[in-house]
Amino acid sequence: MEMNSLAQERKSAQFDVEAMKVVWEGSPEQVQLTQRIGQLVASDPVFRKDNRVSQGRLELFKNTLWKAAHAWSIIQSMHLTEAEALKLRSFIDEPAYTDLHWGMFIPAIKGQGTDEQQQKWLPLAFKQTIIGCYAQTELGHGSNVQGLETTATFDPSTDEFIVNTPTLTATKWWPGGLGKVSTHAIVYARLITDGKDYGVHAFIVQIRSLEDHHPLPGVIVADIGVKFGNGGYNTMDNGLLRFDSVRIPRDNLLMRVASVTRDGKYVPSGVPRQLGYGAMVFVRKSIVMDASTYLSRAVTIAVRYSAVRRQFGTEQGKPETQVIDYMTQQSRLFPLLATAYAYRFLGVWMSWLYSDVTSRLERGDFSTLPEVHACTSGLKSITTSTTADGIEECRKLCGGHGYLCASGLPELYAAYVPACTYEGDNVILLLQVARFLMKTLSLLGSGKKPSGTAAYLGNAADLLAKNCPVTKERDWINLDTLQHAFEARSARLSVKCATQIAAASNQEAGFSEFSSELVDASRAHCELIVVTRFMEALKKEIPGRGVREQLQILCNIYALSLVTARAGDFLVTGYLSSEQLDLAKGQLRSLFRELRPNAVALVDSFNHSDYYLGSTLGRFDGNVYENLYNDALKDPMNASPVTEGYEEYIRPVLKRQLKLANSRL
Ligand SMILES: Cc1cc2nc3c(=O)[nH]c(=O)nc-3n(C[C@H](O)[C@H](O)[C@H](O)COP(=O)(O)OP(=O)(O)OC[C@H]3O[C@@H](n4cnc5c(N)ncnc54)[C@H](O)[C@@H]3O)c2cc1C
């Protein structure tokens with residue numbers, strides 16, 4: 001029965017799935033790459049992952065090390081390109097020290113090291129003859145980087161820095177890859193020379209012997225312990241690190257923006273700190289792409305299972321209703337499906353933004369940096385929060401079976417949710433966006449025109465004056481109408497905050513008092529960016545039968561589901577009437593009906609293999625129940641019909657032979 005459900009669903013699709021796969025991946029070559037590397041990983045027994053959730057931490061971690069070493073040998077022996085190696089690592093689908101080595105350690109050296117330093121360190125890192133991590137956060141401070149306490153004091157008598165951990169709270173805490181693997185760390189420490197503290201700078205510090213991997217003298221390094229969930233992020237050795245007067249050569253200070261001379265003088269290089277922003281845009285683009293991937297995985301599982309699962313509604317002789325046909329299911333699920341697509345187009349646009357920023361920086365043009373910094377901070381924040389919440393929603397959408405690790409969803413959530421915290425706490429990032437928005441508004445009076453994603457604030461007067469023109473449901477699916485609605489919501493929330501802050505006793509007190517409202521305004525600004533990018537993407541030519549039509553429906557669903565989800569914003573700013581909100585809801589229901597026959601084909605277009613999904617509920621063939629049943633019987637708990645512990649702890653209870661601990665009982 002269930003196998004037929006998905007086959008039936010696929011027949012009802014009104015578009016060319018293969019063409020949609022190309023849209024999702026970006027090009028036919030990317031589709032092929034995914035197929036090729038995906039199969040390579042799936043067919044290699046070393047990369048098995050279905051047993052991860054039942055492994056103890058030590059076994060789990062050792063297995064991760066095995067996978068990483070095996071992957072490295074494949075990358076080298078098959079001479080994989082950088083893009084292929086990246087795909088391989090992502091398909092192995094397991095957080096590992098390599099993420100930090102390739103994703104943070106190497107980029108930090110590239111971004112903050114001088115040319116000479118790059119020539120010295122990068123070849124070692126590329127060959128993995130050293131393995132590095134990124135040690136910024138401390139036990140006492142994460143978000144407040146200026147509050148870090150680790151010190152690096154220059155000693156002119158030996159031409160070295162002395163790295164120290166002066167307090168308990170100065171212990172480095174959290175860096176991935178640090179606990180058990182890394183030989184080197186980029187350590188953020190306060191640079192002190194000639195008795196003066198020059199603030200936090202980055203240093204390369206060797207922490208383990210390259211011979212026997214023992215911590216070097218003066219270094220205490222360890223894993224910080226088990227984290228949330230089974231499997232999940234526990235494959236990573238997040239670590240702690242302390243220094244007791246560890247000496248490093250002077251030129252281990254990454255010196256792109258500042259150096260210290262032989263006699264201890266601090267010399268800024270004149271290279272603006274903002275040069276590092278290019279790397280940050282790149283990292284955030286990757287985070288947004290990952291958000292769309294993770295969300296698409298969860299949505300694939302929930303859509304397929306919702307088409308297989310049937311509850312209630314039996315008529316004589318007919319099957320029960322597929323749960324995907326319930327409007328409540330659709331209204332929770334389809335907006336997430338649309339969001340996965342929205343984030344993919346956003347990621348593509350951020351790739352463009354990255355090349356634009358990089359070429360500007362090379363020309364010494366820093367003019368777009370504040371806007372780019374704000375928008376990428378905000379987009380990292382909203383995409384990771386929505387994705388984490390979305391994975392959890394998909395788990396609930398799968399009912400009881402979603403709670404089984406066999407659904408793939410608990411582990412997906414456990415592995416993904418820290419993305420809301422690392423690379424910047426999501427609330428703090430939105431507060432940074434808010435500062436940018438308030439500054440932009442304050443400069444309007446002096447005639448400074450906002451640009452890029454903030455350009456619309458230049459029309460604030462119009463956006464404040466004109467309310468929503470919608471009079472019937474179909475009026476809502478007009479790009480200009482939607483664009484205006486999101487711009488008006490964002491501008492009005494920002495202007496309201498600016499007015500409230502202006503009335504406060506001082507700016508900072510006002511900012512702090514209205515920080516919740518500011519976060520709402522920032523979210524509105526970022527959601528506008530996502531809606532706009534989705535709409536822009538649809539203006540380009542999109543080949544394939546019915547593909548554009550489906551994307552148009554998804555775009556409308558994305559925008560209108562936000563209108564209803566954020567109804568408070570639109571109503572409180574006076575932009576919408578409650579009647580117009582009802583019209584939006586009505587239009588959304590029509591869109592759900594249009595999407596419904598295509599839902600399964602739309603998740604097939606994500607091109608996720610069964611191996612990658614790792615979910616019995618999300619299997620391509622829909623054969624859910626038989627596999628759930630067989631997998632349960634294979635669980636180590638069921639290795640024998642009578643459980644271990646029966647003789648000691650069950651039999652004595654049943655036979656009333658239990659030794660009583662307390663004779664009064
Ligand atoms: C899985 C994982 C991996 C990590 N990997 C690394 C790594 O490789 N290297 C590394 O250096 N670090 C790493 N980190 C650390 C991470 O970067 C920090 O945890 C993160 O920056 C948040 O900082 P925090 O822990 O100090 O949170 P806090 O800032 O203490 O946040 C606690 C709460 O306070 C709120 N808050 C704090 N300040 C303000 C404010 N000014 N206004 C309003 N609210 C505020 C926050 O929103 C949050 O709700 C990792 C963390 C995790 C969970």
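Cβ coordinates come from backbone N, Cα and C, glycine included.
The active site, proton acceptor annotation in TrEMBL covers Glu423. Contacts of Glu423 (active site, proton acceptor) defined by a Cβ separation under 8 A and a same-chain sequence distance of 6+ are given as Val283, Arg284, Ile287, Lys380, in order along the sequence.
Here the Cβ of Gly176 (FAD binding site) has 26 other Cβ atoms within 10 Å, regardless of which shown protein chain they belong to. Under the DSSP three-state reduction, Gly176 (FAD binding site) is assigned to coil, being neither helix nor strand. The feature FAD binding site is assigned by TrEMBL to Thr137, Gly176.
Taken from TrEMBL, the feature domain 'Acyl-coenzyme A oxidase N-terminal' applies to 16-131. Along the domain 'Acyl-coenzyme A oxidase N-terminal' (16-131), the predicted structure has mean pLDDT 96.
The feature domain 'Acyl-CoA oxidase/dehydrogenase middle' is assigned by TrEMBL to 133-235. Across the domain 'Acyl-CoA oxidase/dehydrogenase middle' (133-235), the DSSP tally of helix, strand and coil residues reads 7 helix, 44 strand, 52 coil.
Feature annotation from TrEMBL assigns domain 'Acyl-CoA oxidase C-alpha1' to 277-438.
Taken from TrEMBL, the feature domain 'Acyl-CoA oxidase C-terminal' covers 479-655.
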Secondary structure composition of the domain 'Acyl-coenzyme A oxidase N-terminal' (16-131) [DSSP: H/G/I, E/B, coil]: 90 helix, 0 strand, 26 coil
